[in-house]
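Here it is, the structure in full.
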Amino acid sequence: MKNKVVVVTGVPGVGGTTVTQKAMDILSEEGLNYKMVNFGSAMFDVANEEGLASDRDQMRRLDPETQKRIQKMAGRKIAEMAKESPVAVDTHSTVKTPKGYLPGLPAWVLTELNPDIVIVVETDGDEILMRRLSDESRKRDLETTASIEEHQFMNRAAAMSYGVLTGATVKIVKNKNGLVDNAVEELMSVLR
C-alpha cells in the first residue's frame, strides 16, 4: 500500500526546510513518522551509486539526458520509500537560472513520485530578502524583493501544474517572521 507523498517547496530563504523539520519532529512525537527526503540528495545518491558523481557539484556537469534519468530514478526510489511510510520531499518547485525558471519536478519525475499534496511555503518578499542578507552561512545571489515575489509566483504556477498532472492538492503555507509556530501548525494540519 502506498503511503502519503507530500512535496514541500519554497524559494531559498523562506524557511521551508525549518518549518518541515519542526513539523516532522512534533508529528513523530504523536506517532506519525514521515521519512523526510531532500530530492537533490536522492539524486546524488543515485549518481554516486552509478559512479557518475562523487559530490553534488559534479551532478550539474552531467549531460541533460543523464540528469533526466537520474531524476526519474530518484523519483522512483522515493515512491518506493512511500510503500513503507509517509514521505515528505523537500525540493524546489522551480529553480531560477540565467535562462529562466526550470521546473523542479518535471513530468518524468512527477510520474514516478505521484504526490498526494504539494505544499508551497511562502512569505513576503522583503522578509525573505532580509533573511537572506542576515544568513552569512549561505552564498546566495542578491535579488530584489520584486524578483523574489516573481519567483514565488512562478512556484505557485508550477505547483498548480503539478496538481493538474497528478491530482495532488496544493496548499500555500505562510511562514511570517516571528510566527514559525503558526506555519508549523498549518503544515501539520495538512500532514495528519
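Here, residue 1 is simply the first one shown, and the rest follow in order.
A Cβ is built for glycine as well, from the same backbone N, Cα and C atoms used for every other residue.
Straight out of Swiss-Prot:
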BINDING   Gly10, Val11, Pro12, Gly13, Val14, Gly15, Gly16, Thr17, Thr18  ATP binding site
Including all protein chains displayed, how many Cβ atoms other than that of Gly10 (ATP binding site) lie within 10 Å of its Cβ?
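Neighbour count, Cβ to Cβ under the 10 Å cut-off: 26.
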Any idea which of the binding-site residues Pro12, Gly16 has the thinnest Cβ neighbourhood at 10 Å?
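If we count Cβ atoms within 10 Å for the binding-site residues Pro12, Gly16, the smallest count is at Pro12.
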Just to verify: the residue among Val14, Thr18 with the fewest other Cβ atoms within 10 Å, which of the binding-site residues is it?
Thr18
Please classify the secondary structure at Gly10 (ATP binding site) using three-state DSSP.
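Its secondary structure by DSSP: coil.
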